[in-house]
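Structure record follows, encoded as structure tokens.
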């Protein structure tokens, strides 16, 4: 890892009623104590986004507008986190380019979604690529990438490492219908592959995240180029 890192913080991870404030506070403390000089964080929409989208879809709102509503939910989560981080950007950027520029000014740059059709994982991968950051930590609801949904199958096997193409194949197979086994979308993985960004897929466990940031033994799946 270099002096910068990007974290994709899944919306389901920070969901509460409507947001898990205790988790965000603890998450912020861990980041503040880390060795990294620049940290980009991209937040998902979580429960807030799902609630609005579900309600408005039932009223016949078109999918493009629903995407926009989801993006604003991610930015609200981003602003909530930024308010807890000393040295974070006070205004949430609406593009990756804006976020990259802010990374030269702030230690922590927090953002949400950018445009319809781009997941926050894709935004995080683009932020890595454009800021020359070589590692992306994807915090999800499970502790890595599995061959099967671990919440449904007791014999599901977690991978310690995967190549990019292996990960894309698994993501393609699990992307029909959202669920716990959809660890990262294909576009985000393709960006990681073309720029050789190491992706660490880990759970919301904060002690585990602290160990990852400190380079200590931890539980995750690493997605990177295989020899």
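Cβ coordinates are placed from backbone N, Cα and C, and glycine is handled just like the others.
The Cβ of residue 140 (ATP binding site) has 24 other Cβ atoms within 10 Å, all protein chains considered. What Swiss-Prot lists as ATP binding site is 11, 12, 46, 50, 140, 146, 149.
According to its DSSP assignment, residue 114 (UMP binding site) is coil. The feature UMP binding site is assigned by Swiss-Prot to 45, 67, 114, 115, 116, 117, 118, 119, 120.
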Next on the checklist: Tell me which of the binding-site residues 114, 120 sits in the most Cβ-dense spot, judged by other Cβ atoms within 10 Å.
Outcome noted: 120
Next on the checklist: Given a separation of at least six residues and a C-beta threshold under 8 Å, show me what packs close to residue 46 (ATP binding site) in the same chain.
Outcome noted: 10, 11, 12, 13, 14, 15, 18, 19, 73, 77
Checklist entry - In sequence order, which same-chain residues at least six apart have a C-beta under 8 angstroms from residue 118 (UMP binding site)? => result 126, 187
Checklist entry - So, in DSSP terms, is residue 12 (ATP binding site) helix, strand, or coil? => result helix
